[in-house]
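Asker: Annotations per Swiss-Prot:
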- 5-25: transmembrane segment (TRANSMEM)
- 35-55: transmembrane segment (TRANSMEM)
- 81-101: transmembrane segment (TRANSMEM)
- 114-134: transmembrane segment (TRANSMEM)
- 144-164: transmembrane segment (TRANSMEM)
- 180-200: transmembrane segment (TRANSMEM)
Amino acid sequence: MGHYVSLFITSVFIENMALAYFLGMCTFLAVSKKVSTAIGLGVAVIVVMSITVPLNNLLFQFILKNGALAWAGFPDIDLSFLGLLSYIALIAATVQILEMFLDKFVPSLYNALGVFLPLITVNCAIMGGVLFMVERDYNFTESLTYGVGAGFGWALAIALLAGIREKLKYSDVPAPLRGLGITFITVGLMSLGFMSFGGMSI
């Protein structure tokens with residue numbers, strides 16, 4: 001149990017997708033102007049990563065990995081070269097289902113997220129989580145823990161940034177730095193803050 005708690009905390013704070021690996025920056029910067037929208041997208045990312053990382057783990061372990069098709073009588077077949085294509089297809093299908101669900105049941109959030117919801121399909125934070133899972137050879141339970149933790153870490157980062165950006169509206173920011181300039185500086189300082197978690201031994 002301790003191993004999974006450690007993996008979760010590591011994926012949220014120490015190896016934060018947005019502030020340690022700088023993945024998913026497009027939506028991270030574009031949808032962080034309002035806290036409500038940022039939290040909505042963060043929840044969507046948590047849901048997508050919690051589903052796609054473990055599902056892609058099953059796909060890799062039982063179909064794509066070298067020798068994975070031994071259960072079907074093909075022990076020598078290696079389909080790992082289809083990895084990227086397969087991962088993207090599964091992520092796209094998951095996002096499409098989530099998009100239809102939000103459109104039907106939470107239209108206000110669907111409209112607020114706008115074009116950025118379909119962009120989760122090509123959000124490199126989602127793909128990064130899947131590729132890290134494959135590279136580190138996580139089992140299914142570890143993949144589920146890592147997917148939830150990585151998604152939660154990204155959601156936490158975008159919610160924090162949105163809160164800061166809302167406060168910055170009332171600050172006297174120098175004219176040349178208004179907009180993305182002060183946002184990049186803020187993200188850099190947040191990243192430095194999260195680096196302090198690297199000294200934790202769990």
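The backbone N, Cα and C atoms fix where each Cβ goes, glycine too.
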Asker: Which sequence-distant residues neighbour the transmembrane segment (35-55)? Criterion: at least 6 residues beyond either end, Cβ under 8 Å.
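Answerer: The answer is 24, 27, 87, 90-91, 94-95, 98, 102, 109, 112-113, 116-117, 120, 123, 125-126, 129-130, 133, 140, 143-144, 146-148, 150-152, 154-156, 158-159, 161-163, 166.
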Asker: For the transmembrane segment (180-200), could you work out the same-chain residues 6 or more beyond its ends whose Cβ comes under 8 Å from its Cβ atoms?
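Answerer: Residues 9, 13-14, 16, 19-20, 22, 28-29, 32, 157, 160-161, 164-165, 168, 173 contact the transmembrane segment (180-200) from elsewhere in the chain.
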Asker: Which of 5-25, 81-101, 114-134 has the most Cβ pairs closer than 8 Å to the transmembrane segment (144-164)?
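Answerer: Comparing 5-25, 81-101, 114-134: 5-25 has the most Cβ pairs near the transmembrane segment (144-164).
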Asker: What residues in the same chain, six or more past the boundaries of the transmembrane segment (81-101), come closer than 8 Å to it by Cβ-Cβ distance?
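Answerer: Distant Cβ neighbours of the transmembrane segment (81-101) are 44, 47-48, 51-52, 55-56, 59-60, 63-64, 110, 117-118, 120-122, 126-127, 130-131, 134.
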Asker: Mind checking which residues reach the transmembrane segment (114-134)? Cβ under 8 Å, same chain, six or more beyond either end.
Answerer: 17-18, 21, 23-24, 26-27, 30-31, 41, 44-45, 48-49, 52-53, 56-57, 60, 83, 87-88, 91-92, 95-96, 98-99, 102, 142-143, 146-147, 150-151, 154
